[in-house]
């Protein structure tokens, strides 16, 4: 009898989780129905060409815009949904909180240029949302960096506000274990396979020393933190890049195999125990996700297919498709409040 009374709250809690996940999945399905690849066919038929041109020009100037734009899209979707609220800059907005403070200036510039290119077309002016421009730009940087080209669902509206307070709890931490990663991604309607495929976006890009320095050194008095194994030679190399007196601006490549190409090198690096972030290397260390890592490392086509499926689902998270008090088409993407 006593045991049954104690188990009641747990069952209720589990039921609530199931209901919440079911609602999120239903919301994602509804968003997919409202979005369309041909959304701008009559209002701005050249939108994809215009955005792609801006991406091409920016990548000629700096490759940094590629990983930066992909990260910008991910951060936007995981905080308040894919509504370009991450582009709003102000003291109380997303841009000034947590990991969003290190968003790439080159990525922000790319979106500004893409918006200008779209609005310079008389047929398109003020008809295409910043959220859709960001989704298209994310696809184009992936493709132009060597990754897959895929069709993008369109029809998102822009959020009018950002929320600084929710950023910290909406994005994965560099030291997350598999359970933490799966829980966070599940709240956005994404599976473990989706999470691993999206993590593969780290095949391009960098991270700052402070995100992995505790994998390189033991700090007296620091709270214990799980750290998956690291290749010894790679560890020594990273200590050269990030000494104890590292600069806050120092960065290291997330993919030690082919850092400037969107491919499956990230997964091959994990197999070599060269994952910088604990949240990356744990994907191989944990036997529940290891098989998927090994599969993607051996089969780039499988990784690309899974990535396209995952980023398409990501693009449906929390979208706004009806103009109202919290949604609009912004005239300026990188808005300052």
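From the backbone N, Cα and C atoms, a Cβ is placed for every residue, glycine too.
Note: TrEMBL annotation is automatic and uncurated.
According to TrEMBL, the protein has these features:
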- 1-33: signal peptide (SIGNAL)
- 34-337: domain 'Plant heme peroxidase family profile' (DOMAIN)
- 44-124: disulfide bond (DISULFID)
- 71: site 'Transition state stabilizer' (SITE)
- 75: active site, proton acceptor (ACT_SITE)
- 76, 79, 81, 83, 85, 94: Ca(2+) 1 binding site (BINDING)
- 77-82: disulfide bond (DISULFID)
- 130-333: disulfide bond (DISULFID)
- 172: substrate binding site (BINDING)
- 202: heme b binding site (BINDING)
- 203, 255, 263: Ca(2+) 2 binding site (BINDING)
- 209-242: disulfide bond (DISULFID)
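Spatially close to residue 130 (disulfide bond) yet at least six residues away along the chain are 84, 87, 111, 115, 158, 329, 330, 333, judged by Cβ distances under 8 angstroms.
Over the domain 'Plant heme peroxidase family profile' (34-337), the average per-residue pLDDT in this prediction is 91. When the Cα atoms are compared, residue 79 (Ca(2+) 1 binding site) and residue 202 (heme b binding site) turn out to be 19 Å apart. For residue 242 (disulfide bond), the spatially nearest entry among the binding-site residues 81, 85, 263 is 263, judged by CA separation. Set side by side, the recorded positions 71, 75, 202 differ in how many other CB atoms lie within 10 angstroms of their CB, and the most is found at 202. Residues 203, 255, 263 make up the record's Ca(2+) 2 site, and a Cβ search at 8 Å around their centroid adds 200, 202, 204, 257, 258, 259, 261, 262, 264, 265, 266, 269 from the same chain. For residue 85 (Ca(2+) 1 binding site), the nearest neighbour among the recorded positions 44, 77, 203, 209, 263, judged by Cα separation, is 77. Checking Cα-Cα distances from residue 75 (active site, proton acceptor) against the recorded positions (81, 82, 124) with a 10 Å cut-off leaves 81, 82, in sequence order.
Listed in sequence order, 73, 76, 131, 134, 135, 156, 314, 315, 316, 317, 318, 319 are the same-chain residues at least 6 apart in sequence whose CB falls under 8 Å from the CB of residue 82 (disulfide bond).
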